[in-house]
Amino acid sequence: MAEAALEAVRSELREFPAAARELCVPLAVPYLDKPPTPLHFYRDWVCPNRPCIIRNALQHWPALQKWSLPYFRATVGSTEVSVAVTPDGYADAVRGDRFMMPAERRLPLSFVLDVLEGRAQHPGVLYVQKQCSNLPSELPQLLPDLESHVPWASEALGKMPDAVNFWLGEAAAVTSLHKDHYENLYCVVSGEKHFLFHPPSDRPFIPYELYTPATYQLTEEGTFKVVDEEAMEKVPWIPLDPLAPDLARYPSYSQAQALRCTVRAGEMLYLPALWFHHVQQSQGCIAVNFWYDMEYDLKYSYFQLLDSLTKASGLD
């Protein structure tokens with residue numbers, strides 16, 4: 001009887017993503033031709049937890065005309081920034097039986113630009129991706145070129161962003177599939193970002209496993225050493241590559257339906273909290289994003305319930 005009840009729960013979980021998709025998940029990421037009003041943004045996008053791409057949202061930013069690799073070289077080239085370095089472009093990702101975190105180096109931005117332009121070489125793949133508001137903390141000289149927040153979003157959400165992050169890296173740098181507890185406004189200033197999404201309702205089809213955390217260490221010879229972080233707890237992470245999923249190992253993922261979009265220069269993506277996302281980029285893509293903490297309300301509680309049931313039922 002207990003097994004029958006458990007199978008009934010599994011059946012409901014398998015059917016839930018399709019039901020949610022029919023009710024509230026778009027078939028493609030919609031476009032807006034201009035920034036929404038605070039009311040429109042909150043009512044039509046934040047409340048229903050739906051992504052959108054907003055055109056003409058950055059037109060008033062000087063950065064849109066000024067930011068380029070030559071401009072960075074002239075204005076902040078001598079500034080040292082934190083750079084994630086990995087052998088294959090995957091930072092904070094599952095590699096083998098480890099959750100691998102990048103080696104972190106402090107490098108002059110001019111050297112990063114040299115690598116991006118093919119003037120210099122460095123072992124591995126470089127990505128300026130340190131979060132925790134690396135734009136104001138590491139590159140404050142660039143702040144006059146953009147707004148410190150997104151006014152209509154700040155008004156709609158009733159708060160200021162927790163972090164303003166700067167992103168610059170090689171085309172080989174990839175962000176593995178994951179979710180965040182932030183309302184994310186992702187602004188591409190130059191180049192393109194390629195996103196793959198899953199709504200939170202796809203959680204029953206998205207596997208998680210526990211991994212020993214480890215960090216890449218760059219040796220003097222230019223090779224990478226894996227160092228286990230023995231003092232840290234195991235990390236739950238998604239082992240699956242959505243671009244080449246191992247369906248023999250994770251057959252349930254075949255029932256998930258991803259959305260894909262490309263965010264181009266001058267466009268802003270609203271990525272709702274709890275949406276799973278995987279990110280690629282063009283070479284030397286320049287982007288800034290604003291993280292607004294989500295409301296930990298009933299919507300969050302329902303997702304936690306879905307997550308817990310997925311784990312308890314053995315679908316994970």
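For all residues, glycine too, the Cβ spot is worked out from N, Cα and C.
Listed in Swiss-Prot for this protein:
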DOMAIN    128-307  domain 'JmjC'
BINDING   His178, Asp180, His277  Fe cation binding site
Cβ-based isolation winner (fewest other Cβ atoms within 10 Å) among the binding-site residues His178, His277: His178
Listed in sequence order, residues not in His178, Asp180, His277 with Cβ within 8 Å of the centre of the Fe cation site Cβ atoms: Thr175, Leu177, Lys179, Leu271, Trp275, Phe276
In the chain carrying Asp180 (Fe cation binding site), residues 6 or more apart in sequence that have Cβ under 8 angstroms from it: Ala273, Leu274, Trp291
Where His277 (Fe cation binding site) falls in three-state DSSP terms: strand
Three-class DSSP secondary structure - Asp180 (Fe cation binding site): coil
Segment-level pLDDT (mean, integer) for the domain 'JmjC' (128-307): 97
